[in-house]
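Participant: Below you'll find the structure I mean.
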Amino acid sequence: MPNAIPAHKRILLKLSGEALMGDDQFGINRATIERMVAEIVEVTKVGVQVAVVIGGGNIFRGVAGGSVGMDRATADYMGMLATVMNALALADAMDKQGLTARVMSAIGIEQVVEPYVRPKALQYLEEGKVVVFAAGTGNPFFTTDTAAALRGAEIGAEVVLKATKVDGVYTADPVKDPSATRYDKLTFDEAISRNLGIMDATAFALCRDQKLPIRVFSIVKPGALKRVVMGENEGTLVYA
Ligand SMILES: Nc1ncnc2c1ncn2[C@@H]1O[C@H](COP(=O)(O)OP(=O)(O)OP(=O)(O)O)[C@@H](O)[C@H]1O
Ligand SMILES: O=c1ccn([C@@H]2O[C@H](COP(=O)(O)O)[C@@H](O)[C@H]2O)c(=O)[nH]1
């Protein structure tokens, strides 16, 4: 019989920007974002406090700008702005499904969204609002995975849940190597030393140092987020 009590009281959910495209080539697929929000609604119903860090890979990545000759820091600021767009779309979709969401940006853009202020974010979470952290860490040369580790540690999340297009951490990128096999669990040191590309080493190292576990799972798989939150064995656990 499934557990009725969630395994976590407060989670930091890292949503892949790339997954927002659904089957499209670029941008935000409406049905996909609505489906993701429906999954989030389910976990708020069992009383879990939810903070979200959203990626920007469906719109722009700094590395792409850098590779065609742009100044890398400028390109990274463009990437951070892409995450603000995704955060706005996500909060709007949440609103439409009855959730109260607050977007907080790591870069100053006050006419659009409020700035990230830690005590305010904690207050929103206590009030049952979903907090969407936009603009990553606010610094170039980082990623939203590192922002997820950073914000997760700051808000005292019990776990970082990386919701992505693959269903866990594999021995190699399963999209490129069909012979790759999935880990049920592995340590941060193993993930870093094996150079597993699912997340960047900075994010892994920060979570390791803060003893903040990460669970990687598929956001494409219906009900997977709820199963993770209820403590079921879904995806891959990375731990200290
Ligand atoms: N060892 C590995 N195990 C699993 N996936 C891997 C691995 N190495 C690389 N990947 C790839 O990493 C991708 C996950 O990265 P994802 O796009 O979710 O993160 P992201 O770059 O943070 O996304 P975004 O920037 O769009 O938010 C998977 O789709 C997979 O193809
Ligand atoms: O702290 C951060 C977070 C992100 N960026 C830039 O944004 C894009 C999109 O983020 P993803 O993590 O790839 O989804 C990223 O490629 C960086 O260019 C950043 O500079 N700092």
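Every residue gets a Cβ built from N, Cα and C, even glycine.
Unlike curated records, TrEMBL annotations are generated automatically.
According to TrEMBL:
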- Lys14, Leu15, Ser16, Gly17, Gly57, Arg61, Thr164, Tyr170, Asp173: ATP binding site (BINDING)
- Gly56, Asp76, Thr137, Gly138, Asn139, Pro140, Phe141, Phe142, Thr143, Thr144: UMP binding site (BINDING)
- 9-218: domain 'Aspartate/glutamate/uridylate kinase' (DOMAIN)
Participant: Output the one of Asn139, Thr164 that, of all these binding-site residues, has the highest number of other Cβ atoms within 10 Å of its Cβ.
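Facilitator: Answer returned by the neighbour count: Thr164.
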Participant: Of Ser16, Gly57, Thr137, the binding-site residues listed, which put a C-beta under 6 Å from ligand 2? Please answer none if none do.
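Facilitator: Cβ under 6 Å from ligand 2: Gly57, Thr137.
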Participant: Near Gly57 (ATP binding site), which residues of its chain come within a Cβ-Cβ distance under 8 Å, counting only those 6 or more away in sequence?
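Facilitator: Once residues fewer than 6 apart are set aside, Gly57 (ATP binding site) is near Ser16, Gly17, Glu18.
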Participant: Nearest to Thr164 (ATP binding site) by Cα, among Gly56, Phe141, Thr143 (binding-site residues)?
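Facilitator: Out of the listed candidates, the nearest Cα belongs to Gly56.
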Participant: At 10 angstroms around each C-beta, which of the binding-site residues Ser16, Gly56, Thr137, Asp173 has the fewest other C-beta atoms nearby?
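Facilitator: Comparing Cβ neighbour counts within 10 Å for the binding-site residues Ser16, Gly56, Thr137, Asp173 gives Asp173.
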Participant: Out of the binding-site residues I have (Lys14, Thr137, Asn139, Phe141), which ones have their Cβ sitting under 6 Å from ligand 1?
Facilitator: none
Participant: Could you list the residues of the same chain, at least six apart in sequence, whose Cβ is under 8 A from the Cβ of Phe141 (UMP binding site)?
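Facilitator: Listed in sequence order, they are Gly62, Arg72, Ala73, Asp76.
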Participant: Report the same-chain neighbours of Lys14 (ATP binding site): residues 6+ apart in sequence with Cβ closer than 8 Å to its Cβ, ordered by sequence.
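Facilitator: Those within reach of Lys14 (ATP binding site), by Cβ under 8 Å and sequence separation of 6 or more, are Val52, Val53, Gly55, Thr144, Asp145, Ala148, Val160, Leu161, Lys162, Ala163.
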Participant: Pop the Cα-Cα gap between Gly56 (UMP binding site) and Asp173 (ATP binding site) into the table, whole Å please.
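Facilitator: Rounded to a whole number, the Cα-Cα distance is 20 Å.
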Participant: I want to check the contact list for Thr143 (UMP binding site): same chain, sequence separation of six or more, C-beta distance under 8 angstroms. What comes out?
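Facilitator: The list for Thr143 (UMP binding site) reads Gly55, Gly136, Asp200, Thr202, Ala203, given in order along the sequence.
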